[in-house]
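Okay, so here's the structure we're looking at.
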Amino acid sequence: MTMSPFSNRVKNSDDLVAGDHIYSWRKLFSYAHHGIFVGEGMVIHFTSGSLYRFEYGVTKIAFKLHLRGGTCTTAESDPKSEVLHRANYLLENGGFGKYNLFRNNCEDFALYCKTGLLTIDIDKASGRSGQIADLVKMLPKKIKAKYFSHCVGLGRYGSDVGVRDDVIKVPVEDLVADNSTQDDENDHLQDNDNATQDDEK
């Protein structure tokens, strides 16, 4: 593996270990797609491309030396058995909730699988994605103030799951149960909306 301030390229796929959080750069390195390597060439929530390994447990200095978000975290990884359990459980039992680019994306998925950490109030949080923190930082002040006031001032280091004080460890079984309840509530609301529209006709 080659380590640099930008990313940690995997030169040989034999270097990968089941439970590794890997990513692949897309469209001229403008963003990356993330997933969990589960062995035998299989990855959960991922697509093909050159592979890079996401680093866990880096120091504050090493974190800040990485020039791109979405390549490392100060948070420690859980043992690979727990990482693989979370990834497989989410795959088999309904996934990671509703996709949201800024609060619940593929990097958030992989970070959760590796650490079990989630933000306490996802509606007011900026998510855990380092590359999204970089993106928000580059937006004009007016847009940040209007749409991202909850994360203005955090910066990439402040939004890192390893240093935030608004994250908790959530068992994957509880996460799936919560997502199922929310889906049921959303279906019920949609059914009520449809019934109301039918009555109005």
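For all residues, glycine too, the Cβ spot is worked out from N, Cα and C.
Automated prediction, rather than curation, is the source of TrEMBL annotations.
Per-residue pLDDT, averaged over the domain 'LRAT' (23-122), rounds to 88. What TrEMBL records for 23-122 is domain 'LRAT'.
Residues annotated as region 'Disordered' in TrEMBL: 176-201.
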Three-state composition of the domain 'LRAT' (23-122), taking helix and strand from DSSP: 29 helix, 25 strand, 46 coil
